[in-house]
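A short worksheet on the structure shown next.
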Amino acid sequence: MISCRHGLVSLIRCNHPRILCSGGQRQKHTLPDLPYDYNALEPIISAEIMKLHHSKHHAAYVNNLNIAEEKLKEAQAKNCVSTIISLAPALKFNGGGHINHTIFWQNLSPTGGSPSNELEESIKKDFGSLDNLKAQLSAVSVGVQGSGWGWLGYNKQTKRLQLASCPNQDPLEATTGLVPLFGIDVWEHAYYLQYKNVRPDYVKAIFDIVNWKDVAERFAKARSG
């Protein structure tokens, strides 16, 4: 259980290890740099898509999250409970968008790779094989109605890997309790310019650029935490 003294603001900041808790003075969220160039994931994801996705869409979530948090701070100062409650959807949507995309960029790599031995063992135990995991996660992701995410997560209660889908920008851990390991963004802005309306082709291709080192690190941290 995360203990956050500053309500919704701190929950968003504490929900992901790369988004730091402010402690006292509120720090504005910033757009993280990509760990690679915009064209690094070609031909799987084009440079045009990456630039728009990162510099426009993710940036909008960050900007709108900061605006919502400023409004929340003012409402808290005035002890206006009605306004505080009304800001929850904006905080969830934009905070989730920031959390999800921060994970997403790290989850991808032009060099791909393979799961660590420990992760591969858990994949075989919970899904039978890596191919089975890919097939099941693909089905979950393709099956999202409208916009959302397909996720491979870790269930700390059962100590097992688990799949889930989240609508819109709902953050996985805050809404399901699963620790996010690998996410597939199936909002159309993530693929439409290149794959048009053929979401299955995009989902199939993205497994060629999974940063399994990052996924394995998240798995190891979730399992030991």
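Count begins at 1; order follows the chain as displayed.
Each residue, glycine too, has its Cβ placed from N, Cα and C.
Per TrEMBL, these features apply:
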BINDING   H53, H101, D185, H189  Mn(2+) binding site
DOMAIN    28-109  domain 'Manganese/iron superoxide dismutase N-terminal'
DOMAIN    115-218  domain 'Manganese/iron superoxide dismutase C-terminal'
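For H189 (Mn(2+) binding site), the Cβ neighbour count at a 10 Å cut-off comes to 13, with all displayed protein chains included. Other residues of the chain with a Cβ within 8 Å of the Cβ centroid of H53, H101, D185, H189, the Mn(2+) site, are H54, H57, H58, F104, W187, A190.
The Cβ neighbour count for H101 (Mn(2+) binding site), using a 10 Å radius and every protein chain shown, is 23. Regional average pLDDT for the domain 'Manganese/iron superoxide dismutase C-terminal' (115-218) in the model is 98. Across the domain 'Manganese/iron superoxide dismutase C-terminal' (115-218), DSSP classifies residues as 54 helix, 24 strand, 26 coil.
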